[in-house]
Amino acid sequence: MEDASGKLQYWRLYLLSMVLGIGGSFQYGIQVSVIASPAVHVQSFVNHTWLWRYGAPVDDSSNQLIWSFIVAVLSLGALAGALHSGSIPVTYGRKKALLFNNVVAIVAAILMLFSRMAKSFEMILLGRFLYGYNVGLGLSVHLMYLGESSPKKLRGFMTLTGSIFIGFGKVIGQIIGIKEIMGTEDMWPYLLAVSGIPAILQLVTLLFFPESPRYLYIDKGDTEGSIKALQWLWQEDDLKLELDDMKKERESTQGEKAKTVKDVLCSRCVRWQLLTLIIPCAGVQFCGINALYFYAFDLFRESGVPENQMHYLAIGLGATELFTVTLCSFLIDRAGRKKLMGYGYLLMGITMCVLTVMLSIKDLNPWIPYVNISLIFCVICIYGLGPSGVSMALPADLFLQAWRPSAYVISGTVNWISMFLVAMLFGYVVDALGQFCFLIFVAYSICSAAFLLYFVPETKGKTMVEIMEDFNKLNYKNRGADTERTDIDLATKF
């Protein structure tokens, strides 16, 4: 009872997580899923616009190229947003960065809303690029802001809410995209403009919340402001342990300014943190989860699922991921990041091996395609319980304040380039390898599992400084303590 009542005192922090989520990672989820439904209507609009301008319909290959770029330009915008996630939140603060980011999403929604009236598919392209920028910047700053505002005992749960809102966004995008709601020829501009609503909600509500306490204390040196922010969010007067932790973190940087991307890439003192950030976390796109979503419709078709019901089965996939990620939020601070993510990748690899075998013999028996569908749901369940949630929570644990913004730039860059490559190349890989394409993802999942289970220390329940000390045993395992301390202070390069 005392533990439950103690956690209830953080209700304002939970409210902050909702406000950050609805305008942060939720936007990512909804943009990934909502674009599929109006594909036919947008392509028809491009054709009519071309006919109105040039007096002739656009040829099929050009129309498909324009549509493919409309889909892919989101990743390019997200990459631009991720590159700015290291400078904007450092210069202006986490809160102002998100307020600016909402304005970008609102402008994108306006472009989408009036694109049909203006007879301009270029407005859709620009709107998708701005949505991507909003997603790339918002996702990084959302996790940064929330991780810096949470006590260590809740840090894993709070940062994992980012994955919950991604799953929630995917499900909402799939639901509102069905033809009974907004997936019609008349409603598609409103469907594409729907992300303006959560942007307005966050823009208004975030004004009532304080800036990140760690940003105020460590970056700005505003001790009084940091204490007020912590007292307001945590409703707790005894903040000695948290202030001591932030003091140690500030002293460890010796008042240095935020590190650059080059510093993170070249400094020995964060070498293993960087590997952990890139291999299992930012590279999560290579575990094959999006490829399974792409391939799912083919499996549904082979199993005899009617074409008009596939969209509803896809909603089931999104709902499954949302449910398991939510369950992961209750396990992460009990089981720990390392076990959930490491064994999650291992089980994903094993399950996809079985899926590859079953796809190879799918014609031997009429019930095998249904087994394949079940295996897809199993992979998504494992992904939600482990890699999906932990890949959001773990990066917030890895870096001290001075290194964190640039680390998120690297994480976002790797993530969005990975997503772009998977989206652009997966079709060609399937054509070349067939069902054996999943073996590529099996190899990545097994390697990530081995890396996590054998090398990465557990971060559950530890302060930022304690986590740094654990990683220093890897970063400086062949060097003495005196040399190690000098390297940390001076950020020795390779």
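Placement of Cβ uses the backbone N, Cα and C atoms for every residue, glycine included.
Residues or ranges marked as transmembrane segment by TrEMBL: 12-30 (among others).
The domain 'Major facilitator superfamily (MFS) profile' annotation in TrEMBL covers 17-460. Note on the domain 'Major facilitator superfamily (MFS) profile' (17-460): mean pLDDT across this stretch is 87.
With a threshold of 8 Å between CB atoms, the same-chain residues lying at least 6 positions outside the transmembrane segment (65-86) that come near it are 31, 35, 39, 42-43, 46, 58, 97, 101, 121, 124-125, 128-141, 144, 258, 260-261, 405-406, 408-409, 411-413, 415-417, 419-420, 423-424. The transmembrane segment annotation in TrEMBL covers 65-86 (among others).
The transmembrane segment feature in TrEMBL is assigned to 98-118 (among others). With a threshold of 8 Å between CB atoms, the same-chain residues lying at least 6 positions outside the transmembrane segment (98-118) that come near it are 20, 23-24, 27, 45, 81, 88, 92, 124, 126-128, 130-131, 133-134, 137-138, 141-142, 145, 189-190, 192-200, 202-203, 206-207.
Summarising the annotation, TrEMBL assigns transmembrane segment to 124-145 (among others). Within the chain, the transmembrane segment (124-145) has long-range Cβ neighbours (under 8 A, six or more residues past its boundaries) at 20-21, 23-25, 27-28, 31, 35, 42, 69-71, 73-85, 88-89, 94-95, 97-98, 101-102, 104-105, 107-109, 111-112, 115, 159, 162, 192, 195, 199, 212, 392, 395-396, 404-405, 408-409, 411-412, 416.
Taken from TrEMBL, the feature transmembrane segment covers 157-176 (among others). Remote same-chain partners of the transmembrane segment (157-176), defined as residues 6 or more beyond its termini with a Cβ less than 8 Å from a stretch Cβ, comprise 13, 17-18, 21-22, 24-34, 37, 139, 142-143, 146-147, 149-150, 182-183, 191, 194, 311, 314-315, 318-319, 321-322, 325-326, 328-330, 332-333, 384, 388-393, 396.
Annotation source TrEMBL lists transmembrane segment at 188-209 (among others).
Look at TrEMBL and you will find 274-297 (among others) tagged as transmembrane segment.
The transmembrane segment feature in TrEMBL is assigned to 309-331 (among others).
Residues or ranges marked as transmembrane segment by TrEMBL: 343-361 (among others).
Residues annotated as transmembrane segment in TrEMBL: 367-386 (among others).
Residues or ranges marked as transmembrane segment in TrEMBL: 407-426 (among others). Residues 71-72, 75-76, 78-79, 81-83, 85-86, 136, 139-141, 143-144, 261, 264-265, 270, 273-274, 277-278, 281-286, 290-291, 294, 395, 398-399, 437 of the same chain lie 6+ residues outside the transmembrane segment (407-426) yet bring a C-beta within less than 8 angstroms of a C-beta in it.
Within the same chain, residues 272, 275-276, 279-280, 283, 286-288, 291, 338, 341-346, 348-349, 352-353, 355-356, 359-360, 387, 426, 474 sit at least 6 positions outside the transmembrane segment (432-456) and bring their C-beta atoms closer than 8 Å to a C-beta of that stretch. Annotation source TrEMBL lists transmembrane segment at 432-456 (among others).
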